[in-house]
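Annotation source Swiss-Prot lists active site, proton donor at Asp788, citing sequence analysis. The active site, nucleophile annotation in Swiss-Prot covers Asp809. The annotation substrate binding site is assigned in Swiss-Prot to Thr735, Gln765, Arg872, Trp874. Sequence annotations record features per position, and here Swiss-Prot assigns disulfide bond to Cys802-Cys822 based on similarity to another entry. Sequence annotations record features per position, and here Swiss-Prot assigns N-linked glycosylation site to Asn101, Asn158, Asn219, Asn295, Asn352, Asn400, Asn541, Asn559, Asn603, Asn737, Asn863, Asn900 (among others). The region 'Pectinesterase inhibitor 26 B' annotation in Swiss-Prot covers 265-430. Summarising the annotation, Swiss-Prot assigns region 'Pectinesterase inhibitor 26 C' to 453-614. For 660-954, the entry in Swiss-Prot reads region 'Pectinesterase 26'. What Swiss-Prot records for Gln787 is site 'Transition state stabilizer'.
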Amino acid sequence: MDTVKSINKGYGKVDETQDLALKRKTRKRLYQIGISVAVLVAIIISSTVTIAIHSRKGNSPHPTPSSVPELTPAASLKTVCSVTNYPVSCFSSISKLPLSNTTDPEVIFRLSLQVVIDELNSIVELPKKLAEETDDEGLKSALSVCEHLLDLAIDRVNETVSAMEVVDGKKILNAATIDDLLTWLSAAVTYHGTCLDALDEISHTNSAIPLKLKSGMVNSTEFTSNSLAIVAKILSTISDFGIPIHGRRLLNSSPHATPISVPKLTPAASLRNVCSVTRYPASCVSSISKLPSSNTTDPEALFRLSLQVVINELNSIAGLPKKLAEETDDERLKSSLSVCGDVFNDAIDIVNDTISTMEEVGDGKKILKSSTIDEIQTWLSAAVTDHDTCLDALDELSQNKTEYANSPISLKLKSAMVNSRKFTSNSLAIIAKFPIHERHGVQSPRLRKSPHPTPSSVLRTVCNVTNYPASCISSISKLPLSKTTTDPKVLFRLSLQVTFDELNSIVGLPKKLAEETNDEGLKSALSVCADVFDLAVDSVNDTISSLDEVISGGKKNLNSSTIGDLITWLSSAVTDIGTCGDTLDEDNYNSPIPQKLKSAMVNSTEFTSNSLAIVAQVLKKPSKSRIPVQGRRLLNSNSFPNWVRPGVRRLLQAKNLTPHVTVAADGSGDVRTVNEAVWRVPKKGKTMFVIYVKAGTYVENVLMKKDKWNVFIYGDGRDKTIISGSTNMVDGVRTFNTSTFATEGKGFMMKDMGIINTAGPEKHQAVAFRSDSDRSVYYRCSFDGYQDTLYTHSNRQYYRNCDVTGTVDFIFGAGTVVFQGCSIRPRQPLPNQFNTITAEGTQEANQNTGISIHQCTISPNGNVTATTYLGRPWKLFSKTVIMQSVIGSFVNPAGWIAWNSTYDPPPRTIFYREYKNSGPGSDLSKRVKWAGYKPISSDDEAARFTVKYFLRGDDNWIPKAVMGMPPL
């Protein structure tokens, strides 16, 4: 029997290459999301910051001798470098430059950028050279990734240099540009890390080449990190030096500012000057110089010519994907080529839109309007992204199957795309960096911040917080209202419309595809996809309805309670879509159908993620305090969530109830089976429908569908009223559908019931209970099985005084879940297996999901000799907290284990915490040393994961009057 590490859980746990791809993609966005939020906050509070800065200027326009430390240049450099992770390399690299004889922190920062640029330029060709030394195609592919990423890193650092404003020939930082600099340098740091990730993927090779490149990258990694650290601390550093930001005159700070003199240049020199701001200056000069009208010194005319170059090149390759598709019968490759054809056409439309926005003037020439610069940058950025999307589609094939890595068709298309991507990048760099407005006496918008944000700039800022900004911008911008609004709430509503429309367009696809196959396993997987798409549509629809109530009511802001709901429902939709992909990955089907469905899901996946990011990062207001002061009281509280209304709470506590339906196997009730009772439940009921199930064992599989709302089912005791099933993965049923009992409708409650899956450990995945019910409660129930016993799939769930038994990942899912006063009991698994209690499945940083185990007991169910862990991270943002619980000695001292030892330790994006646990297994001295694991340090921090806080995810929802329950 395989060890637990090799058991297929599906659900994102099978394909290691996909897992690595997800990690690379997510890491690439982590800094951008965080910094984009900072940009939004800066927009909101910009007026306050401006007042504060100028007040400081008014109070002290020039630093007094007493306010400026008497530092030598060396001491100044040492002070600035002290904020970095690599102060020694920071000091030694900058001190070698001639201009380092300065005490000005801003000049030191500029010198640090020069160090980075020089170092990156010295290694940018290294991956290509090293690739010539090997025949290992996997290694060549990794080196190609590094070459591309180092290219991008140079772009980002160049943008950082260009963004620093010009004053009397000098460059100077201001507060408004610092967020941009942080974003670009963060991206450059990420690109280094992604290159290293790519090299680590091919660690099986015996070649010394990866080590050569890693060694070659040490300096650039450190220098880029140094620049990022310096700019992140620049304001406080300048303050420490006693230099007011506006003490030195900035552009437009004085009506007497000396204009920058622009030397008269020849056409050739002008072209070189314009192209110098691009990443590919040689291709920029050579391509534009071939055009007849390139004999000009006008930067704006040269920009127009760069666009013409892009259009010509794109038109020359637009039909190539279709032609290449005729040369292959491989459906997956055809699908990727279709993606490339679509994005090429989109890029052509974008560049044509760019040209169209240039205003006609009297002599037939075109001139850029400053008001359109933001739009042009957005469009050209999207055109660059279109190229990358094609490359991603081709690279995804090679990640899954090595035969695609050197496919002649893929290589043909990649080679043909080289120029169009370079030319598009050149046009973007020119409009973003070169002051092309000075000829017309119009100040460059790069140097002038409009006090009134435009619809396009707000859309771009909002979309920058998402994982897929290009698809966010392109999808929302197609809606008419996006052209006129600067309200983030309205843009969020438009994003929901985009998501809803896209989900509706694919919701029937699994059923259609099922008609194209006779493979019963694949049909079963497609059936799961149909079900979860349905659930996702409902979740998005709930989100829209709730938001529309706020908008129609004329409220300007969403309250924290509503935002908590919206994040929960969209988190659920993200999970639902991911579950379809996971289910398709549970088996290796000899069919193009899974890839067809995955390709069709791309937009819905991205759009749902975008909507979640917007509400979580833009609309959710930061808390005024870390946590209400009553942190300790919350930890000691054993009350139910506040959405368990007093009347419902009385139902849970009552001893004598009058049910709507009574189930009795002996015929003494209204019906004999639980399913018969479920059929009697009204659809979308507003009041609680009560089902009583008398003592007995009911062998049946029960599904409480999504339209069965507010159902309360109770029995005579967890050991007396039992629902039993044996559906399992080995017998051909997908994990999602193996549950003995599943509930999807909101407001579900269960009391004094036992749910069992008797399939046994040999049958692997065999779920006893699955919950997708939002605001559901389980009181004095038991869930008994082996692998995957309790599937807390999605939405808010509360388990109180319940028993859960199992072996492998026996509490798993991506709901927002609290276990309180429960008995969690691992049992003996198969030989060579180990136990893992939890496998939490949060996919994205913005999901408010996770598992909190509070005031529980973790003890063995019988004689357990197998190694037992508290859990392992299933997904990239896995979140699990165990606090104030009793942990038995049978738990391994390490506490936690990585999903696959190949990736040990897990990424720092996971969130694993413990707090004030007791028992022999609670000793933290030998716990894992992961970046994503650490003990909680205070009651206030721990209170975030209590019932009152975690199940709503916001500081402000805790009621004044706590609803008490009997002591645990």
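Note that Cβ sites are derived from N, Cα and C of the backbone, with glycine treated the same way.
This view paints the features noted in Swiss-Prot onto the structure.
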residue	record	Cβ contacts under 8 Å, 6 or more apart
Asn219	N-linked glycosylation site	Ser89, Ser93, Glu119
Asn295	N-linked glycosylation site	Pro267
Asn352	N-linked glycosylation site	Ile311
Asn541	N-linked glycosylation site	Phe500
Asn603	N-linked glycosylation site	Ser471, Ser475, Glu502
Asn737	N-linked glycosylation site	Ser524, Ser527, Val528, Thr727
Cys802	disulfide bond	Arg718, Tyr778, Tyr779, Arg780, Cys781, Ser782, Phe783, Phe819, Cys822, Ser823
Asn863	N-linked glycosylation site	Gln828
Give me the largest Cα to Cα distance among Thr735, Gln765, Arg872, Trp874, the residues the record lists as binding substrate, in Å as a whole number.
19
Stretch-averaged pLDDT - the region 'Pectinesterase inhibitor 26 B' (265-430):
79
Between Asn158, Gln765, Gln787, Asp788, which of the recorded positions has its C-beta surrounded by the fewest other C-beta atoms within 10 Å?
Asn158
Reduce the DSSP letter at Asn603 (N-linked glycosylation site) to three states and note it down.
helix
Cα-Cα separation of Asn158 (N-linked glycosylation site) and Trp874 (substrate binding site), in Å?
38
Checking your reading of the structure: which of the recorded positions Thr735, Gln787, Asp788, Arg872, Trp874, Asn900 lie inside a 10 Å Cα sphere centred on Asp809 (active site, nucleophile)?
Gln787, Asp788, Arg872, Trp874
Between Gln787 (site 'Transition state stabilizer') and Gln765 (substrate binding site), what is the CA-CA distance rounded to a whole number of Å?
5
Work through the recorded positions one by one (Asn101, Asn559, Asp788) and name whichever has its CA nearest to the CA of Arg872 (substrate binding site).
Asp788
Gln765 (substrate binding site) versus the residue listed as 'active site, proton donor' - Cα distance in angstrom:
6
Report, in whole Å, the straight Cα-to-Cα distance of Thr735 (substrate binding site) from Asn101 (N-linked glycosylation site).
66
Write down the Cα-Cα distance for Asn559 (N-linked glycosylation site) and Thr735 (substrate binding site), rounded and given in Å.
37
Greatest C-beta neighbour count within 10 angstroms, which of the recorded positions Asn101, Thr735, Asn900:
Thr735
Could you measure between Asn559 (N-linked glycosylation site) and Trp874 (substrate binding site) for me? Cα positions, answer in whole angstrom.
32
Cα distance, Asn900 (N-linked glycosylation site) to Trp874 (substrate binding site), nearest Å?
10
